[in-house]
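Structure first, then comments.
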């Protein structure tokens, strides 16, 4: 049988094993709970982050820069922490950093915000490596128990997660708009308290996801042999993934995925949306961005079945975002009237489509190509994403919009070219292994 046909096999049950298949453990409940938990936590954190520079001025900007630098360095050791703790425990501990960061905004000062930002960098690194590891592991277990194609399940699970996660922009901005619309004294404090309550529910929900099979047998964190061996192997865990030509070819795409998110947060809302439709229009534009991000995430996930489909979908998303950058560079001008409102919303929609594609397809790609080092692969994702985001936050005040757009256009072209080289080099080997 042609291995390519096997790679793109549809999500169906093997007819002769129907009864045994249906008796297998279903992990869809855990996907639902994980997705909703992340939605609750990040609708609060995302909205608070959007307000950070408005509420806390320079303190807010520097706090976000510190956060993403900490995130970058902590991601280098996050795979070790997740392996020692187990992915479920890492997910639970990771939520605490987001809660403390939002709580610090109740009394913003250098004493509260800087430590909270540093700790959130650590918490973010382990929650995201834990998320990638957990979702990939339960997708593989589900595929094995139900005798279905692994690539399809990974695509479906990632599609659902990122679709639900993308809704945090929509719901977070709606809550912010509702509570801050009157501008009354104390409304910001009320907003932060509501966010803390929502995040608490998200953390509680995280306790109810099931542990991955086999994690009960992990060495406890206090075990001297397990800890010493892990510390000795730490440099190898950080460096080894970068010795793999496949990872080197993916790195530009990982870095670009962080750049395009930071571009939307730091540049697009400030330089494109605000001049065209005002500060009040930022929430609407981000809601459009989040809605299209969500729709595209679940759609792209449903069509993901292997490396060939990932290559096609990623190429489409990259071309879509590149078209926005070319529009900004060559032809866009702020105008009045209906078109002046429509243009930024159309751009937000296209950028959201691209982000949804990148989130689902990069996660699926790492899960499929790095089966024997899932934690290390997702740690590399967060290292390069957070480094890119930190660079944008620190450089944004000093470079023009045109220069930033040129950087984005160059990076999307380089990352797509590198990814296509990867597809050409490893697809035949990958499908043969499958």
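Cβ atoms here come from the backbone N, Cα and C positions, even for glycine.
Unlike curated entries, TrEMBL annotations are predicted automatically.
Sequence-distant contacts of the transmembrane segment (31-48) (same chain, at least 6 residues past either end, Cβ-Cβ under 8 Å): 91, 95, 98, 101-102, 105, 131, 134-135, 138, 157, 160-161, 163-165, 167-169, 171-173, 175-176, 191-192, 195-196, 198-199, 201-203, 205-206, 208-209. Among the features that TrEMBL reports, transmembrane segment is placed at 31-48 (among others).
Packing against the transmembrane segment (60-82) from elsewhere in the chain are residues 49, 52-54, 90, 101, 108, 113-114, 116-122, 124-126, 128-130, 133, 230-231, 234, 237-238, 373, 375-376, 378-380, 382-383, 386-387, 389-390, 393-394, 397: each is 6 or more residues past its ends and has a CB under 8 Å from a CB in it. Sequence annotations record features per position, and here TrEMBL assigns transmembrane segment to 60-82 (among others).
TrEMBL lists 89-106 (among others) with the feature transmembrane segment. Sequence-remote contacts of a segment are chain residues at least 6 beyond its ends whose Cβ falls under 8 Å from one of its Cβ atoms, and for the transmembrane segment (89-106) they are 34, 37, 41-42, 44-45, 48, 52, 55-56, 67, 81-82, 112-113, 115-117, 119-124, 126-131, 134, 189, 192-193, 195-196, 199-200, 202-203, 206-207, 209.
Sequence annotations record features per position, and here TrEMBL assigns transmembrane segment to 118-139 (among others).
The feature transmembrane segment is assigned by TrEMBL to 191-209 (among others).
Look at TrEMBL and you will find 245-266 (among others) tagged as transmembrane segment. Within the chain carrying the transmembrane segment (245-266), a Cβ under 8 angstroms from the stretch's Cβ atoms is held by residues 49-50, 289, 314, 321, 348, 351, 354-355, 358-359, 362, 365-366, 369-370, 377, 380-381, 384-389, 391-393, 396, 404, 407-408, 411-412, 414-416, 418-419, 421-422, 425-426, all 6 or more beyond its ends.
Annotation source TrEMBL lists transmembrane segment at 272-295 (among others). Sequence-distant contacts of the transmembrane segment (272-295) (same chain, six or more residues past either end, CB-CB distance under 8 Å): 50, 162-170, 173-174, 176-177, 264, 328, 332, 334-335, 340-341, 343-345, 347-353, 355-356, 359, 401.
Positions annotated as transmembrane segment by TrEMBL: 307-330 (among others). For the transmembrane segment (307-330), the list of distant contacts is 4, 7-8, 155, 253, 260, 272, 296, 300, 347, 350-351, 353-354, 356-358, 361, 364-365, 368-369, 401-402, 405-406, 408-409, 412-413, 415-416, 419-420, 423, 426-427, 430-431: same-chain residues at least six beyond its ends, Cβ to Cβ under 8 Å.
The transmembrane segment feature in TrEMBL is assigned to 342-369 (among others).
What TrEMBL lists as transmembrane segment is 405-424 (among others). Remote same-chain partners of the transmembrane segment (405-424), defined as residues 6 or more beyond its termini with a Cβ less than 8 Å from a stretch Cβ, comprise 246, 249-253, 255-256, 259-260, 263, 307-308, 311, 314-315, 318-319, 321-322, 325-326, 328-329.
Long-range contacts of the transmembrane segment (191-209) within the same chain, counting only residues at least 6 positions beyond its ends with a Cβ under 8 Å from a Cβ of the stretch, are 30, 33-34, 36-41, 43-45, 47-48, 88, 91-92, 95-96, 98-99, 102-103, 105-106, 134, 175-176, 179-180.
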